[in-house]
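Novice: Got a structure for you, questions after.
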Amino acid sequence: MTISQVFIFLCFLISLSFTDGTQLIIVNNCKESIWPGILGTAGYPTPQSGGFHLHSGEQQVLDVPENWSGRLWGRQGCCFDEQTGKGSCQTGDCAGLLQCRGLGGVPPATLVEMTLGTSKSDLHYYDVSLVDGFNVPVSMRPIGGRMGCGVAACEADLNVCCPSTLVVMKQGKVVGCKSACLAANSDRYCCRGVFADPKSCKPTVFGHLFKAICPRAYSYAFDDSTGLKTCKAPRYVITFCPPNYG
Ligand SMILES: *[C@@H]1O[C@H](CO)[C@@H](O)[C@H](O)[C@H]1NC(C)=O
């Protein structure tokens with residue numbers, strides 16, 4: 001290498017280690033298109049105006065600021081007017097908009113939730129949640145984190161083993177699987193009211209089923225012990241339809 005090449009390389013390394021925020025690399029490993037939806041928690045920005053299209057095999061890099069908090073989910077079977085960005089999705093739809101602009105997705109949808117630093121700690125907390133049900137397998141994997149950084153994931157297709165009472169069908173196909181809370185909307189299943197604490201809110205038979213199939217996901221309220229991951233990494237890869245890495 002020449003001196004100038006060494007200099008450029010060093011600048012590159014420095015720029016990598018001094019970026020303030022966190023990089024999220026969104027990968028679509030599914031055979032079909034995914035339209036990720038993104039929603040910043042109140043007070044935090046929403047990148048990409050809240051949604052975009054990822055062809056099969058495509059990826060998109062998002063830079064989110066320090067301490068960013070928000071959620072991301074996959075929408076499937078979408079059809080949008082190219083001029084207006086209006087249309088609909090079979091799952092995860094946000095008022096029929098390509099760019100969700102502050103709206104959440106219609107459940108059931110697998111949610112990737114994260115808080116990338118708080119006023120109390122610079123640690124990152126994240127999970128793949130099935131509390132609002134399931135539509136597509138997804139994982140969140142840190143790159144370059146410290147020891148003990150976990151992978152949050154639901155890598156299996158819960159749609160194929162969804163109990164019939166929880167199934168969501170579109171055009172004759174199972175496209176989603178409701179959680180017990182979503183299906184029953186009762187305090188017991190949703191851990192609300194008198195059930196709003198870990199002692200009285202126990203996982204249901206469905207919570208146990210979800211947990212058995214997706215052990216690295218957050219399957220019911222208060223599933224913090226195995227569902228919630230902690231890390232401090234400069235970047236994370238969020239993969240829809242991740243290959244099973246056991
Ligand atoms: C993020 O939180 C830390 C405390 O952990 C604080 O010092 C810092 O100013 C915050 N950064 C932003 C951009 O809010």
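Just so it is clear, glycine is given a Cβ too, placed from its N, Cα and C backbone atoms.
Any TrEMBL annotation is an automated prediction that lacks curation.
Since this is a predicted model, take the numbers as computed values, not measurements.
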Novice: Mind checking which of Cys94, Cys100, Cys149 has the disulfide with Cys231 in TrEMBL?
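Specialist: Cross-referencing TrEMBL, the cysteine bonded to Cys231 turns out to be Cys149.
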Novice: Might you list, by sequence position, any residue in that chain lying six or more from Cys94 (disulfide bond) with a Cβ less than 8 Å away from its Cβ?
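Specialist: When sequence neighbours closer than 6 are ignored, Cys94 (disulfide bond) has Gly37, Gly50, Gly51, Arg75, Cys100, Arg101, Leu103, Gly104, Gly105, Val106 within Cβ distance under 8 Å.
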Novice: Specify the nearest of the disulfide-bonded residues Cys30, Cys177, Cys181, Cys201, Cys214 to Cys78 (disulfide bond), where nearness means the distance between Cα atoms.
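Specialist: So, spelling it out, the nearest of the disulfide-bonded residues is Cys30.
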Novice: Relative to the Cβ position of Cys162 (disulfide bond), how many further Cβ atoms are located within 10 Å?
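Specialist: Excluding its own Cβ, Cys162 (disulfide bond) sees 21 Cβ atoms within 10 Å.
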Novice: Looking at the disulfide-bonded residues listed here (Cys30, Cys149, Cys191, Cys231, Cys241), whose Cα lies nearest to that of Cys162 (disulfide bond)?
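Specialist: Result for Cys162 (disulfide bond): the nearest of the disulfide-bonded residues is Cys241.
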